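Contents: one structure, followed by commentary.
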Amino acid sequence: MIRPGKVLVLNFLKRSLSNLATFKGSEINTKKYDLKLPNNSDSNKQYFTLDEKLKVIQYTDANEESIIDEFILPLSSGAKASDTYQKTNLSKMRNLLTTFHIDEGESLPLSKPGYIKETPFEYHSKYNSDTSYVSIPRLSVTKLLTFQWCELREFYTIFSGSPVKKETKEMKLGTEAHLKLELETHNLIDVEDIERITDEFVEKKIDSSKRHINTLADPDDILLAKDDLSKLTELLHGAIPESSMANEWMSKIISRLFTLINTSEAREVLVHGYLDFQTSHFTSNLHDFQLNQSNLVLVSGVVDYLKLFNPHDKTDYSMFEDIQDHVEFTYSSQRKHQWIDLSQFLKDIDPIIKEYSDTYKIAITDVKTRSWNKLPQQESVLQAAKLQVEYYRNMFGILAGEFDDIEIGYEMLLENAKRRNLDVDKPISIKSALALLKANHTIILKDYVKLANGEAIGFESFDRFSQERYLNQGSEYDFTKVLEGTNREDYISQIKASDKDGFDFDEILTSDILKAWKIPLTLRYFAARSSQLFHLCKPFLSDSLSIEYHNVKKNDQCFHTNYYNYNANEIDEVTAKASAFWNGTRPPIPVQDLSKCNYCDFSSRCVIPNPHKNVPGSYGSVGSKMKHFI
């Protein structure tokens with residue numbers, strides 16, 4: 001029984017297939033779609049008329065979409081739709097036809113229909129299969145490279161709802177290759193055991209508080225105790241998104257840039273910037289940034305590789321030797337651990353950086369993975385790779401204060417967190433603080449002690465804020481609420497017994513930390529330290545860029561490197577074009593190399609490879625009605 005309204009779908013399918021006088025019964029998977037083909041006395045009959053086909057479709061909730069998928073795309077080549085398109089591509093095309101109200105026989109438009117009011121960026125931020133782009137409107141660096149394959153394809157992808165790409169085997173191999181390179185430079189510290197054990201202690205503490213509440217009789221006492229329990233739970237293992245971002249900034253900015261300055265290289269470093277579509281420029285000074293924040297678009301990226309070196313003598317490591325000779329480390333009583341005071345380190349290293357700033361430079365490299373020792377053939381792809389690393393250089397320079405001072409990096413990091421709906425002053429959970437301490441104790445233990453004691457860390461904006469907010473009223477950041485007395489000994493004992501790295505917490509979890517802190521650990525602290533480390537790199541900024549091509553099937557070896565010089569004017573020109581595209585002030589530019597159309601999900605309806613197709617002269621109403629059924 002065809003439900004009311006389904007006739008519309010059938011009529012739509014009928015019109016869509018009207019260009020096919022007849023087609024073979026073998027082209028339809030009758031079992032899959034529950035199609036009951038007419039009986040015919042001629043057992044050899046393989047053709048059925050369109051009317052016959054449409055009469056016998058028995059719609060059920062389970063097969064409606066599948067039938068539409070099979071019919072909605074023109075089978076111009078005579079091939080089965082299931083052989084030509086994957087499910088994702090069918091959905092992508094179906095969504096686009098619906099959005100653009102495309103009728104049978106019409107090709108996709110070359111510009112946005114007038115009834116769609118959203119710009120490409122607004123649509124990307126409103127209708128996106130990756131909901132994180134809806135909750136946190138932003139672009140990646142690669143999204144600015146709209147021309148790298150076909151701008152029209154990017155345009156269609158956006159208005160089809162930006163379907164998430166299914167990870168291919170090649171993509172997986174590329175991810176594994178990047179991780180392998182990362183681990184060659186940065187040790188992976190296992191914190192699973194400490195998180196698990198901390199969770200167990202936290203749950204014991206919470207259960208104890210709950211049992212205490214059950215012993216109370218006075219309603220006011222119960223209400224007060226429940227409020228205390230809520231705060232305790234949040235303190236011990238709450239603030240999950242803030243804690244996650246703290247880990248990202250600690251591991252992918254602070255730790256990485258500290259490693260760069262001390263050892264000459266770092267991998268996988270987070271960068272971001274803010275693009276003004278109106279001016280078509282990335283904001284690079286604090287005044288403009290604070291004045292126009294609401295009009296700026298967040299653009300994020302990850303630098304694959306940073307190398308700090310002497311371009312005239314790549315064997316020269318004298319700066320790093322001087323750093324090791326002049327920087328003071330503190331050792332534990334049994335010399336198992338060494339710690340550095342970041343505040344003092346930044347002071348001590350300043351004259352060394354000034355001495356070597358004319359000699360040493362930072363080169364920025366992006367790593368591309370291939371399945372064979374061959375570069376991409378398309379010039380647009382090679383050019384996009386170059387521009388991608390130029391964007392990284394541009395954003396790294398802005399965060400380092402290339403055009404302003406240290407404050408701009410700090411404010412941009414805070415704004416980044418706020419745009420992700422994070423509270424930069426919400427205390428990081430005790431659980432995360434302990435895991436971060438294990439993974440990064442060399443560079444943050446002394447900072448933990450400073451915060452606990454209410455001391456300045458040497459960054460004026462952060463210190464001034466902390467003085468005004470906490471030192472007169474205090475904070476509720478208290479490690480003793482989970483680790484005190486015998487709990488501490490038991491906690492450390494369990495960690496020692498299970499820790500795979502042989503890590504000794506006994507000399508780290510001292511009374512200097514296990515107390516009520518005067519200044520809590522927050523994202524604001526991590527933004528402050530991140531901006532200081534970015535600023536440390538400012539004197540070494542250079543025009544040296546490169547792209548490395550690695551073969552993932554030959555032990556990830558680098559088989560070719562392209563070297564470039566940073567060109568700010570080129571970036572400005574490309575950014576202007578990208579801004580006009582995303583802001584909707586110009587239509588997309590079609591591809592000229594038609595061989596690319598062979599790899600496009602929209603080629604069957606696109607007028608560029610099919611100039612004989614009708615360009616939509618008007619947009620019918622069928623598409624909008626189809627939304628109710630597909």
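The chain as shown is numbered from 1 upward.
Heads up, the Cβ atoms here are built off N, Cα and C, so glycines get one too.
Residues Cys597, Cys600, Cys606 are recorded by Swiss-Prot as [4Fe-4S] cluster binders, and the candidate that the same record lists for that site, out of Cys150, Cys537, is Cys150. Listed in sequence order, the residues Leu152, Arg153, Pro590, Val591, Leu594, Lys596, Tyr599, Phe602, Ser603, Ile608, Pro609 complete the 8 Å Cβ shell around the [4Fe-4S] cluster site centroid, once Cys150, Cys597, Cys600, Cys606 themselves are left out.
Cβ crowding, taken as the number of other Cβ atoms within 10 Å, peaks at Cys150 among the binding-site residues Cys150, Cys597, Cys600, Cys606. Secondary structure at Cys597 ([4Fe-4S] cluster binding site), as computed by DSSP, is helix.
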